[in-house]
Amino acid sequence: MDAEEWQAEQNRLDLVREKMQARIDEIEPEVSGTREQAAELRRRFWEEVTVNTSSDEDFEETFYTIKQQAAVLSERERRHRLLAQQWKSLNRLLPSPYFGRVDFLEDGLNSSEQIYIGVSSFIDEDGLSFLVYDWRTPIASLYYDHSPGTASYDTPGGRITGTMKLKRQYQIQNGQIRNMFDASVTIGDELLQQMLSKSADSQMKSIVATIQKEQNTIIRDDHSRLLIVQGAAGSGKTSAALQRVAYLLYKNRDTLKADQIVLFSPNPIFNSYVSSVLPELGEENMQQTTFQEYLEYWLGSSLSLEDPFDQIEYVLTAQAAQEYEARLQGMKYKASEAFLMALQSYAQWLGREGMLFKSLRFRDRDLITAERISSQFYSYDSSLRLANRVELLQKWLLKELSRIERQEREAAWVEEELDYLDNEQYAEVFAELHKDREVFDIAERYAEVYEKISHKRREDEGDFDFAEREKELLSQWIVKESFKPLRRSVRKLSFIDIHSLYVQLFDGEAGYREKTKEAEIPELWSEICQQTREKLERFELFYEDATPYLYLKELIEGVRTNTEIRHVFVDEGQDYSLFQYEYLKKLFPRARMTVLGDFGQAIFTQSTKLEGDDSLLHRLYGEDKATLIRLVRSYRSTREIVEFTKLLLADGAEIIPFERSGPKPLLARLESGEKRDIQILRDIAALQAEGFDSIAIITKTAAEAHEAYRSLLVLGGEVLQLITKETITFQKGVMIVPVYLAKGIEFDAVLIYDASPQTYSRENERKLLYTACTRAMHRLHLYTTGEWSPFVQALPVELYDQ
Ligand SMILES: Nc1ncnc2c1ncn2[C@@H]1O[C@H](COP(=O)(O)OP(=O)(O)OP(=O)(O)O)[C@@H](O)[C@H]1O
């Protein structure tokens, strides 16, 4: 680019920054001013209001003064919020106001407009000219979707067509243009090159300046009920998802708040890894959770739940266990659509017979027996849904409890309790009684009546002899207090024996067939039944049972829904079962769903295919409501690493590396474990000397990670961090991590601790090795002390160095 052009751009930049600075200076005093005003107003709120409620008029006046005062306060607060937002966004823009420009000549006009694009908009004093356009405005999509030539963009008013005369990218730091590129065919290959050659970080970065066309389609999809993104490892699925959240928040800023969006993450570390992207873009973070957190919330108080990490650890380490095969079959079956249907049929069966209840027990006796509850339940109209009948039953039980409560006041135990009340307790109860408006009113009325009858003037309530009445009131109070936990448990529907209802399902093949009409039962069903029952007897639940258990609970008790949430994002979507998807769909009935995943990385047993004719996910909301987008370009790793990793997968040919070069993956065979560990420590030192400061030693399991950690520590690797499922954040540095906890995360260099056939040879281990290797951005090393895993052996030798 010639010097003149460069200078012109720098001048423009200086001008825009001057205007920004002027705006900042202008609003700064106001920002602090309105904050103080609002704070002062809040402090003096009650001083300005005279509370007078003596007459109706006074009351009304007080009411209106309060209302008026509140309105002034909320207006100040609103103004402060807006100004503070503007101030923040200007300060964010100031060092680097924009990253792109397109010159667009709209059809029918005779001069082209220069459109500068940045992380938010900045408008000139005239209130009309955009000096910077927010990247989420319709016009900014020109930058992402087109190259110079014929171009168009969509607006709410229709499509605008024209010609793009120029497309330019900038790297601006502290107000200085460091680099400028004019893009021709693909946008920003140069800028993208630079971005991708940077080091990994403990926090994900926004990709706003280099969003690719296919990613832009994901970000701006406004119509799909279900948006499925199948994308190779490192193709920017998570990045696009977060940009999409920012886009949605911008586009629907009057109706959508950040807490109406929820992201399901694969593990807690991932939550922290992605948490800075939205704030970097000036948006609030959406809600982030894991599916496990949700299960724990609803089931954790009564059962001890296995988590997916323990489940996968079992799958990977317990092959020799006798019950292994059955457990595996159970995992697959319990994640399937067939089991979902079986549970639905079971619920219908329960509508006719077999419901199990718990007696309401009180002081070691049955107040209402399970049999009575059951016969009451089956006395309701059988055409009513289970949940509706449960609701009726709940009302009936509460009424029954009130009736029994009245009878109970005469019971001997109440008398005993009365006797046990010492003076202090008595005084407490009495004070409590007088606090209780209803009871107090009754006492008052009683006193008045007594007064009339006895023609005695009542002096004061303390002098009045309440003795008899008091006893009655106290008995009432004692029974009421004792019944409180019972009522609470009825309100919580604890009288339904969900535990036994789930167990009852696993009582053998004939019973199962009868209850569920299920035809295709796994071969090892009786072992599966036994395992499930044994676990539940200990009040524990396998991970594969947790969602079905909750689902059954809701079929009976009524579906829990969250109608606030408008968008659900599921990252690493291949690791959820169809069962879980059905569940999420029910839970968030008003939400659109975006699922991002890679079947190549499906390492859990309950995986779901995201694309292809045999993918059931498409049908979740009906096939016409689903959109599938495929991402095949991989941005994370160098070309050499992608060439190597893609052949680890059977159908890996679909992955296209981004043209960024580096050394080939390095295979190191050592004679013993100790020599391997020494070599690893040496390699780490060399990598660090090269400037790589995010290095991961990836193992297959947590057990292997522990072992590696211990032996590397002995050899002097004291700066290593061991990542476990409890880890919630990580720092840059060298870490040892089991592959399933490294999902979604990336490192400058990845060292595969043991790439031998003992660790990676079964088909389900192929994807583990793939997932582990694809975490690498710049360097990939594999180690073994014997043979190479067959997946490595199958690779052409020219793909790696030894
Ligand atoms: N358009 C882009 N511009 C710059 N960097 C990008 C772009 N798209 C992706 N990247 C980078 O590529 C890397 C991988 O992206 P991301 O983690 O979003 O991929 P993913 O598809 O979610 O990967 P995985 O499935 O392996 O978890 C990140 O470092 C991200 O910043």
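Glycine is treated like the rest: Cβ placed from N, Cα and C.
Caution: TrEMBL annotation is automatic and unverified by curators.
According to TrEMBL, the domain 'UvrD-like helicase ATP-binding' annotation covers 210-638.
Annotation for GLY231 (ATP binding site): spatial neighbours LYS237, LEU596, GLY597, ASP598, ILE629, ARG630, LEU631, VAL632, criterion Cβ-Cβ under 8 Å with sequence separation of six or more. Sequence annotations record features per position, and here TrEMBL assigns ATP binding site to GLY231, ALA232, ALA233, GLY234, SER235, GLY236, LYS237, THR238.
Summarising the environment of THR238 (ATP binding site), the number of other Cβ atoms within 10 Å of its Cβ, over all protein chains shown, is 26. Just so you know, the Cβ of SER235 (ATP binding site) picks up 26 other Cβ atoms within 10 Å once every protein chain is counted. Of all the binding-site residues listed here (GLY234, GLY236), it is GLY236 whose C-beta has the fewest other C-beta atoms within 10 angstroms. Taking the Cβ of ALA233 (ATP binding site) as reference, residues of its chain lying under 8 Å away and at least six apart in sequence are, in sequence order, ASP598, GLY600, GLN601, SER634, ARG636, SER637, THR645, ILE655, TYR770, THR771, THR774. Take the mean position of the Cβ atoms of GLY231, ALA232, ALA233, GLY234, SER235, GLY236, LYS237, THR238, the recorded ATP site; other residues of that chain with a Cβ within 8 Å of it are SER239, ASP598, LEU631, SER634, TYR635, ARG636.
In the vicinity of ligand 1, defined as a Cβ distance under 6 Å, the following of the binding-site residues ALA232, ALA233, THR238 are placed: ALA233, THR238. The local packing around LYS237 (ATP binding site), expressed as other Cβ atoms within 10 Å of its Cβ over all shown chains, amounts to 26.
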